[in-house]
Amino acid sequence: LNRRFTEMHCMSGHSNFVSCVCIIPPSDLYPRGLIATGGNDHNICIFTVDNPAPLYVLKGHKNTVCSLSSGKFGTLLSGSWDTTAKVWLSDRCMMTLQGHTAAIWAVKILPEQGLMLTGSADKTIKLWKAGRCERTFTGHEDCVRGLAILSETEFLSCANDASVRRWQISGECLQVYYGHTNYIYSISVFPQCKDFVTTGEDRSLRIWKQGECAQTIRLPAQSVWCCCVLDNGDIVVGASDGIIRVFTESLERTASAEEIQAFENELSQASIDPKTGDLGDINADDLPGREHLKEPGTRDGQTRLIKDNGKVEAYQWSVSEGRWIKIGDVVGSSGATQQTSGKVLFEGKEYDYVFTIDVNESGPSYKLPYNITDDPWLTAYNFLQKNDLNPMFLDQVAKFIMDNTKGQTLLSTSAQFSDPFTGAGRYVPGSSSGSSSIPAADPFTGAGRYVPGSASNAVAPVGGADPYTGMGAYQSAAAKVENIYFPKKDAVTFDQANPTQILGKLKELNGSATEEHKLTEDDLIILEKLLSVTCNTSSETPTAQQLQTLWRAVNWPEDIVFPALDILRLSVRHPTVNENFCSEKDHVQFIVLLLKFLNPKGKQANQLLALRALCNCFVSQAGQKLMMEQRDEIMTQAIEMKSSNNKNIHIALATLTLNYAVCLHKVNNIEGKAQCLSVISTVMEVVQDLEAIFRLLVALGTLISDDTNAVQLAKSLGVDSQIKKYASVSEPAKVKECCRFVLNLL
């Protein structure tokens with residue numbers, strides 16, 4: 001036997017069925033590459049080529065992992081029934097892509113860095129850039145099952161609606177291909193061209209050339225789960241009978257005559273159920289006899305049904321051999337009426353059974369149609385999907401079907417061939433939860449207080465010049481420029497203040513405030529005192545009364561609150577105030593208040609001062625701890641400010657990102673760094689102001705300093721190509737210099 005494939009290893013690491021496999025390309029560390037597998041146990045196992053036990057296991061998904069795709073620089077993208085996709089780098093989860101409302105059955109990393117695709121049972125496909133959803137593709141009428149990349153700008157998708165679609169990344173659907181008569185599970189592209197192959201629930205593998213179905217190969221199994229095209233153009237398919245078959249155009253690789261005969265025999269003995277619609281509508285009385293096979297077929301893969309001694313047989317035409325090959329017996333196609341066949345009608349179709357299922361006593365009852373040729377698990381799954389019922393009922397419904405149709409099944413429903421996408425795994429809530437506790441960072445030192453008359457916008461100048469404000473005689477030395485930019489050790493704050501102006505505005509607006517918001521003369525004196533205590537290097541500390549008055553003022557209506565927010569921004573730098581607002585007791589309402597102002601439709605002055613206040617929270621340990629605990633909420637809300645057209649808001653947003661980078665550099669939290677990198681990459685796209693760009697570059701440099709994982713992640717997001725243009729900026733010189741230092745790391 002000339003099979004060319006021999007089993008090298010049997011790898012095991014999952015506690016239940018494996019639903020997807022993917023190759024991670026060779027790297028310096030693993031010159032032979034790695035193998036990733038996703039399972040019903042919610043885990044992903046990573047194997048080396050020569051060890052049957054996993055190298056490591058990736059945990060984090062809360063349900064079956066059913067799709068994997070590998071990218072450059074060691075990144076891995078996974079899709080799960082838990083409706084999320086995750087991006088992994090070596091053994092860590094970098095980001096979670098959230099947005100789909102049902103299982104994600106297909107994922108692909110695109111050739112252009114940072115772009116990823118996900119296809120879901122919610123019938124949509126989403127394009128993600130740097131971890132954010134850029135676009136949603138709609139058009140499929142049922143669950144999306146597979147994706148394949150054609151080029152940097154085009155891709156294909158296949159779905160349960162029995163169609164294949166060709167899309168442009170920009171969102172346009174270029175073409176729809178029809179041919180399959182049932183769910184399409186898998187799609188794969190031929191190397192160096194746009195031809196492709198598909199497999200599905202209609203027992204077939206179809207080969208598409210120049211947009212047409214050029215060949216149909218029938219298989220002796222109902223479900224052809226997966227296909228892939230090898231580099232030599234051979235096609236490999238895996239089917240529900242547990243057999244992998246390889247098809248080739250090459251004469252020297254063709255199987256022996258015995259093997260081909262065995263395959264044909266197996267095919268001819270298969271029983272085809274007419275109700276799947278694979279062969280069109282059949283009326284046995286009108287079918288011709290065996291003599292019909294004397295006429296040659298007109299195209300490859302054409303099917304013809306004949307009646308022989310009361311039995312219906314299906315044949316397919318083979319052009320290469322010039323003969324009809326039997327592909328199975330058609331069962332149960334007596335052409336009988338409902339009365340004589342005992343069939344039940346439901347929604348215009350005939351079924352062997354239509355069960356009535358009550359999910360709970362008070363609720364409605366649901367109709368579940370079922371044929372004995374159906375897979376009970378798949379039927380149960382589709383029933384729950386269609387009626388929007390909890391997937392936890394899957395086992396119960398499938399068992400109900402089997403108990404009520406005992407001895408009536410034609411298909412083997414043994415668990416070992418259950419649907420890898422919708423198999424009989426039960427979801428166990430609370431089985432895994434990601435820990436998000438972050439150790440408190442070291443307190444910053446040297447967060448100098450504001451000194452009137454100094455316009456410095458940052459901490460003490462380094463090397464006689466401050467890169468943030470350009471103070472001091474800043475010369476770019478002809479000698480080797482030293483990296484004074486990153487990793488940045490301390491938070492950057494907004495210190496400029498004009499107490500007289502702020503108080504003047506507060507009094508003016510207080511005059512127009514409604515009675516419930518009006519401050520008394522005493523209140524205004526208290527706030528003046530607070531400003532003076534927090535803006536001058538006095539030894540006094542702010543009092544509880546001052547802070548209560550400030551809290552009343554910052555809860556003013558949106559159109560007049562900004563001077564009060566400015567007082568908050570300045571006073572939160574004082575350790576006492578920082579401790580008061582950021583401590584365990586009050587911090588929730590404090591953050592809720594500031595995030596309320598980061599509404600894209602809100603007033604720009606409030607947006608700006610809220611961002612600056614968040615930046616200034618980082619001066620003390622209580623503030624840092626709070627900012628790190630609430631990082632996800634704050635970053636998600638702050639990124640919305642990128643669409644503002646105000647450069648000061650952009651600078652404040654960049655500074656907030658920089659202060660997070662400073663904290664993350666200390667605690668080395670890779671998930672946090674991933675979120676921060678994603679924000680930098682997203683904001684870089686829209687910001688024009690060079691001061692904001694400079695601060696984003698310092699943030700980027702600080703995040704990736706001394707961390708190879710972060711460097712790899714930045715590369716896979718394509719950050720290097722995003723920032724290249726700033727390496728040639730002439731003024732200010734700090735932008736160019738900082739950019740070059742970052743590029744050296746990448």
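Cβ atoms are placed via backbone N, Cα and C, with glycine included.
According to TrEMBL, the protein has these features:
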type: DOMAIN; residues: 316-415; note: domain 'PFU'
type: DOMAIN; residues: 484-745; note: domain 'PUL'
type: REPEAT; residues: 58-88; note: repeat 'WD'
type: REPEAT; residues: 97-129; note: repeat 'WD'
type: REPEAT; residues: 177-209; note: repeat 'WD'
Checking distant contacts: for the repeat 'WD' (97-129), what same-chain residues at least six beyond its ends satisfy Cβ-Cβ under 8 A?
63, 66-72, 75, 77-87, 135-138, 140-149, 151-152, 155, 157, 159, 167, 169, 385, 421, 681-682, 715-719, 721
When the repeat 'WD' (97-129) is classified with DSSP, how many of its residues are helical, how many are strand and how many are coil?
0 helix, 18 strand, 15 coil
Under 8 Å Cβ-Cβ from the repeat 'WD' (177-209), and at least six residues away from its ends along the same chain, one finds 142, 145-150, 156-160, 162-166, 215-229, 231, 233, 235, 237, 239, 247, 270, 272, 276-278, 421
Under DSSP, the repeat 'WD' (177-209) has how many residues in helix, strand and coil?
0 helix, 19 strand, 14 coil
Secondary structure tally of the repeat 'WD' (58-88) (DSSP, helix then strand then coil):
3 helix, 17 strand, 11 coil
